[in-house]
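Colleague: Reproduced below are the annotations present in Swiss-Prot:
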- TYR36, TYR169, GLN173: L-tyrosine binding site (BINDING)
- LYS232: ATP binding site (BINDING)
- 343-409: domain 'S4 RNA-binding' (DOMAIN)
- 41-50: motif ''HIGH' region' (MOTIF)
- 229-233: motif ''KMSKS' region' (MOTIF)
Amino acid sequence: MSENIYDVLLERGFIEQATHEAETKELLGKEKVTFYIGFDATADSLTAGHFLTVMAMMHMQRAGHRPIALLGGGTTMIGDPTGKSDMRSMMTRETIDHNAQCFQEQLSKFIDFSDDKAIIANNADWLLNLNYVEFLREIGVHFSVNKMLTAECYKQRMEKGLTFFEFNYMLMQSYDFWVLYKKYGCKLQLGGNDQWSNILGGVDLIRRKEQAPAFGLTFKLLTTSEGLKMGKTMKGAVWLNPEKTSPYEFYQYWRNIEDVKVEECLGLLTFLPMDEVRRLGALEGAEINHAKEVLAYEITKIVHGEEEAKKAQEAAKSLFAGGVTSEHMPTTTYSSAAFEEGIDLITMMIDAKLATSRSDARRNIEQGGVSVNDVKVTDFARKFKSNDFNDDGALLVKKGKKAYHLFRAE
């Protein structure tokens, strides 16, 4: 290990808080550290929001450290109240197990789990069979309710009501860290900055029970300039699963981020050298679009592979140039019979998720924000038939400047 990975993560913009900064940096500089990041299995795919922590894991592994990807088969049964205004709906064990399996398959694309270079663990293995009384005696005794109630993750829920069910989450996550410490020698937990209180709980538990050093690091959360979490679109989350968010849509999301976020995302979400990150981030005016293209290409390449990244880039450039419609764009296919009768534009927009509702679609159409084959359409009742197809045998629907969708007949 040459350059200390702590300095690398700091320079690239990852690190927000550290429990023991100097000690953590010293530890990472002198030995191979086993660390963990938890993933609660709340969906069947990782999202763009997860990708920042996945990148951190990749950096750490490349520097010679050993990641543990902890799947939350147990904690997902409770649900993390952090950042939630209401209690999560309870998920079935079968759904959680399925989601955890999907996460494991996706993480294997980014992390090398061969030859003990990394570990996949599932906290269902130790949480679901816990003896409640023993847990309270062994773990609960180390937690002050007074102190827990001052934690940010609980404070914002107190007005609406926090169930005892959710109140246990911090103890369970702390218990995870302790189990991983005993089982694998895990000394460091990493997570998003919204996990700070939970991570502190685990660090403190190990130091109390084992009289041994344990550490926590949190990363900044990807947010827009308004402070909203990045990785969301009108269609919902930006997924890493290509069947839920196509490589083209994934590429377009990063191609269209705010100018002020380009340098930050290049540092966090690509492996480009920091000199190149700073050069691209300093571009202004129309040149910033080149930096966005590099960003979108590099992230898509990591997530979906070089071939899909090139296809997405080609499709985006084809659209921008006003050229022929590309086979790599998001596409919806209707039967030829449906086009013979005619399909109204509102239905097409709903099916393509270019609108959240019929009224939303109608509003966009009437306000002149929608075009079909580069012709603005303001009649929301207009129906399209096969004789409206362009020379490429398709309808290209655009909403605004950045949302596109192709429609074809079978």
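Using the three backbone atoms N, Cα and C, a Cβ is placed for every residue, glycine included.
Would you situate these features in the structure and describe their surroundings?
Modeller: Residue environment of GLN173 (L-tyrosine binding site) contains 27 other Cβ atoms, counted within 10 Å of its Cβ in all protein chains.
Here the motif ''HIGH' region' (41-50) has Cβ contacts under 8 Å with residues 71-73, 76, 79, 88, 91, 96-100, 102-103, 106-107, 221-222, 229-231, 237-241, 244, 250, 253 of the same chain, all six or more residues outside its ends.
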Colleague: Taking the binding-site residues one at a time (TYR36, TYR169), which has its Cβ surrounded by the most other Cβ atoms within 10 Å?
Modeller: TYR36
Colleague: For TYR36 (L-tyrosine binding site), what is the secondary structure by DSSP, using just helix, strand and coil?
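Modeller: Where TYR36 (L-tyrosine binding site) sits, the three-state DSSP reduction gives strand.
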Colleague: For the domain 'S4 RNA-binding' (343-409), give the DSSP counts of helix residues, strand residues and coil residues.
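Modeller: For the domain 'S4 RNA-binding' (343-409), the helix, strand and coil counts are 19 helix, 21 strand, 27 coil.
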